[in-house]
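Input: a single structure, listed below in structure tokens.
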Amino acid sequence: MTSRPITPLLDTIRGPSDTRGLSVAQLEQLAREVRAEMIDAVSVTGGHLGSGLGVVELTVALHHVFDTPDDRIIWDVGHQCYPHKILTGRRDRIRTLRQGGGLSGFTLREESPYDPFGAGHSSTSISAGLGMAIGSALAGDARDVVAVIGDGSMSAGMAYEAMNNAGAAKSRLIVILNDNDMSIAPPVGAMSAYLSRLLSSKSWLSIRTLAKEIVARLPDALERTAKRAEEYARGMVTGGGTLFEELGFYYVGPIDGHRMDHLVPVLRNVREAGRDGPVLIHVVTQKGKGYAPAENAPDKYHGVSRFNVVTGVQEKAKPQAPSYTAVFGKQLVAAAAKDHRIVGVTAAMPGGTGLDKLATAYPQRCFDVGIAEQHAVTFAAGLACEGLKPFVALYSSFLQRGYDQVVHDVVLQKLPVRFAIDRAGFVGADGATHGGVFDMAFLGCLPNLVVMCAADEAELARMVVTAAGHDSGPIALRYPRGEGVGVEIPEDPQPLAIGKGRIVREGKGVALLSIGTRLQSCLEACEILAARGLTPTVADARFLKPFDEELVADLAARHEVLIVVEEGAIGGFGAHVATWLTNQGLLDGGLKLRALHIPDRFFEHDAPEVQCAKAGIDAQAITTAVLDALKLETSATIDAGALKA
């Protein structure tokens, strides 16, 4: 562990107002110190490194020029907000980032008045900013609203919907396009290509060359002034105008996002111009700027674990089992080797979802559509129409963004699209914005859709094979973040019978019915209950929909207590089981049914096991639910023979 960086100027900054009297040279020094502080802090906590390093100068310049928090700065996604937090009175807590009870890794309204809008998902900043701009204008407040959005986020349609609206409304809104040429995976699609062309367009280069020839003939003082003016005017003359101008934005840029002497004058000019209508400032930055390991491998330093500042080497605990993501990726490649119709679709997350393995093995059969979940789902529906077998791999929380497409374009038409839902359940340090806790509730209500939930990595392998062979309609498989439980994965996984669960452990009196990875907690609860003379039956539902009615009826008939356990929100598996048991009259005989699910509230960042404990779905909570149902004290034992056999 290295000593903390020396930051004499940063030590004097208590908030953004302290930056407003600084010179450009002092702002440059402050940026260097903020960068050093951020690197040191993230080396301790882990988190999103590359994005924040790329916007240090921009962050300092924004808080120097604008009157925050009265003026609003909205950070799209929020990955890049660490320098912002350091400058806005949270430096003393910056080494608690993403820790339980510590600072959020994203902007959070409850955390600071300098966070006017919460973030976590991409492409929301312009819409929120436009709403704030119009709301402020209606209230008679003359404040500035700045939305900072990355080039990767500009691949989502929502950003253009907002820009189209802003241009038509002629509202005063400042959008800063942070063009670092790098989202988590290289940005894809027409937008990124357009930005690259903008920087090197023939029309611009020819004009610039002519201007340089003229400027070279001027006296030295005029030449220097003209060169500076030329730097600030880049991009404003591009022949036929720009896409942004067509949307009604006044375009400024591109400018160097690491030159304080470029940023400050441009931001100040835009602020003081008082122009009606939206403005877009195109700022070019480098992801990972100022830290060589992150500059050289920006994809590896987007999100990091704890690391050595000097070497850049990240701490990696030796895995006890392969991750669920890795298992999915490996099994999908194996299935694709046997069936040329299998293709993969991801929304800018090939590495995060394991589809990078498919892209390596079969590059023509893997499609990264950018941050565009709605498009990804309907694109997959089109692939299915042509006889292909698309696997759409998305994080659970991001699938929410394409829900209408799931309903209207896939499920309603019974198209055989396969949804691989990663990060299902609690996700730990990424907190509420990334928690995958709602998918069972919003998918379980859809006709025609099969939903599988993996209890361990071996089950996941079987579910990939099951999905690959399911051609009669859409099917989803959900699995959590992190490592598996260490069970052996079959070399040749066999498909599961649709809608059939399994008994994992036979017992009597009490039945624990788990879906997904809560199975391990149920088995742990059995060990605790054994000390009290109880031997519960443990079952794995496997399928949310259709669930195994025969299995549920059997458990209800043979036990006095049935505990349903899920790592999902209210309205999920437990609700389906309770409704079915009620309608079948299987609760009329006195069966004690309890449903353990995530309570009706959001859970902020913490270790997943802590989140589960707080939610009341861990082994201890299951044990308590059993004892409460039997009306036993937690220290009591029971005569097992008295329970229903």
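Each Cβ is built from the backbone N, Cα and C atoms, and glycine gets one as well.
Taken straight from Swiss-Prot:
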type	residues	note
BINDING	His79, Gly120, His121, Ser122, Gly152, Ser153, Asn180, Tyr291, Glu373	thiamine diphosphate binding site
BINDING	Asp151, Asn180	Mg(2+) binding site
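Features per Swiss-Prot, on structure.
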residue: His79; record: thiamine diphosphate binding site; contacts (Cβ under 8 Å, 6+ apart): His48, Ser51, Gly52, Gly105, Phe106, His302
residue: His121; record: thiamine diphosphate binding site; contacts (Cβ under 8 Å, 6+ apart): Val77, Ser397, Phe398, Arg401, Thr433
residue: Asn180; record: thiamine diphosphate binding site; contacts (Cβ under 8 Å, 6+ apart): Ser51, Gly54, Gly150, Asp151, Val284, Thr285, Gln286, Lys287
residue: Glu373; record: thiamine diphosphate binding site; contacts (Cβ under 8 Å, 6+ apart): Ala347, Leu394, Phe398, Leu399, Arg401, Gly402, Gln405
* To do: Would you count the other C-beta atoms found within 10 angstroms of the C-beta of Asp151 (Mg(2+) binding site) for me?
  => 22
